[in-house]
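Here is the structure we will look at, set down as structure tokens.
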Ligand SMILES: O=P(O)(O)OC[C@H]1O[C@H](O)[C@H](O)[C@@H](O)[C@@H]1O
């Protein structure tokens with residue numbers, strides 16, 4: 001048996017043992033377990049004491065990380081080796097936030113001079129837009145529309161909302177969906193004479209983004225004629241395509257093929273964020289991520305935050321067999337964080353073959369979520385009393401920014417209470433005692449008590465930091481990025497390609513003529529042909 005098989009076997013044994021032990025019992029046996037199962041980096045902590053693990057399971061998880069070579073995979077990542085095997089590319093988004101003086105070599109050349117020059121250039125442009133030094137014909141830009149999708153949209157949207165207290169630049173708007181309703185609704189409220197449009201696309205070929213860019217350009221041209229070009233900027237790795245599209249090189253900001261789309265927020269894809277919050281805050285955001293990079297690279301596995309988060313995920317997914325994870329920020333400004341992590345995680349580790357092309361076991365879980373406390377008043381019912389165990393990650397800040405302290409205390413109390421309720425529940429005996437104290441009749445108690453029981457034993461991990469500053473946000477995003485990397489290493493999948501999105505793109509292109517009313521593609525399946533016929537009927 002290989003070391004990896006042995007490590008998995010040991011985990012299975014631990015899992016079988018712990019499955020029968022309620023979280024209440026784990027806490028009764030070791031009331032101080034939160035000390036043992038909390039890891040910190042400065043003000044950031046991860047408390048995983050409400051996960052169904054104990055020391056035996058924890059050491060088996062660390063054994064798996066060692067057997068699967070997480071530490072050497074991590075070195076390969078930072079070395080700039082082409083670990084994205086299927087595309088022959090290095091994975092070096094960390095270079096985009098590397099500290100002053102760092103040298104990062106890819107293919108034997110230091111990429112940092114070019115990275116720094118591009119960062120300086122796009123931050124200078126952001127400051128010029130903010131100050132009005134680069135202005136619209138009628139005065140400073142009041143509004144900016146970022147057109148992009150996937151990694152060219154979710155990061156900027158998420159970060160702009162998260163950093164609302166730092167937002168002192170022009171208003172930001174985001175258009176991603178090819179649904180014309182999206183751009184129509186955004187432009188309806190804006191003055192083209194005072195609006196800057198950023199077209200953000202790594203490839204500059206994405207159907208949705210190019211369709212929206214064409215529509216935005218027509219909207220600008222209708223108001224500005226030849227002046228429309230001055231209202232457009234682009235971010236891409238495909239500089240030939242941006243030139244062919246006619247966007248002036250002075251407003252084109254590049255990045256590199258070693259930056260995956262879902263890892264590109266740190267590059268010029270972050271331009272809209274920089275326009276919103278300014279260069280200084282954007283640099284603090286990068287510094288927070290760099291601090292997590294340094295921690296991830298240097299900390300021993302047993303105290304390494306991304307490694308621990310990854311191992312908890314492996315425990316949940318592979319050992320316990322739970323297929324989804326709820327990501328619930330108790331932070332309204334992180335409302336798009338679950339969607340952001342959804343792409344980061346599911347596009348990276350939603351794979352079913354290993355790096356060698358053989359069948360992989362259970363890999364990336366389904367990630368979903370909404371902010372608390374709203375989530376409590378909608379789907380938390382199922383998490384408390386449903387038939388499935390749904391592990392949850394909570395994220396909360398100890399202090400609010402630009403918001404009322406009392407509200408924040410209510411928010412935190414709710415977050416903590418959910419973790420308590422999920423872990424410890426409420427037994428039938430407790431429910432009956434409560435109902436008796438409420439003076440309910442025996443018949444009513446008999447009928448209602450089973451419905452009021454909370455089984456508990458439902459795991460949560462709580463991530464806490466002081467406040468959601470630009471630095472803390474950078475650190476949090478990098479935490480999840482590296483967690484995804486570690487899980488990819490353990491599952492032995494390539495976390496950096498996304499072939500699974502390709503087939504739909506090809507098929508959509510082939511169907512466009514038929515949807516427009518032209519001939520159907522040859523050999524089209526009966527269901528799709530029927531749906532197209534129905535669409536034409538309904539169009540009348
Ligand atoms: O930035 P783009 O090249 O326009 O790509 C936008 C997005 O679409 C692709 O299909 C991928 O699934 C995403 O990873 C990517 O972020």
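Using the three backbone atoms N, Cα and C, a Cβ is placed for every residue, glycine included.
As recorded in TrEMBL, the features of this protein are as follows:
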type     : residues : note
ACT_SITE : 347      : active site, proton donor
ACT_SITE : 377      : active site
ACT_SITE : 505      : active site
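Distribution of TrEMBL features across the structure.
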| residue | record | DSSP (3 states) |
| --- | --- | --- |
| 347 | active site, proton donor | helix |
| 377 | active site | helix |
| 505 | active site | helix |
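Each of the active-site residues 347, 377, 505 was scored by the other Cβ atoms within 10 Å of its Cβ; the lowest score goes to 377. In this structure the C-alpha atoms belonging to residue 347 (active site, proton donor) and residue 505 (active site) are separated by 15 Å. Counting in whole angstrom, residue 377 (active site) lies 37 from residue 505 (active site) by their C-alpha atoms.
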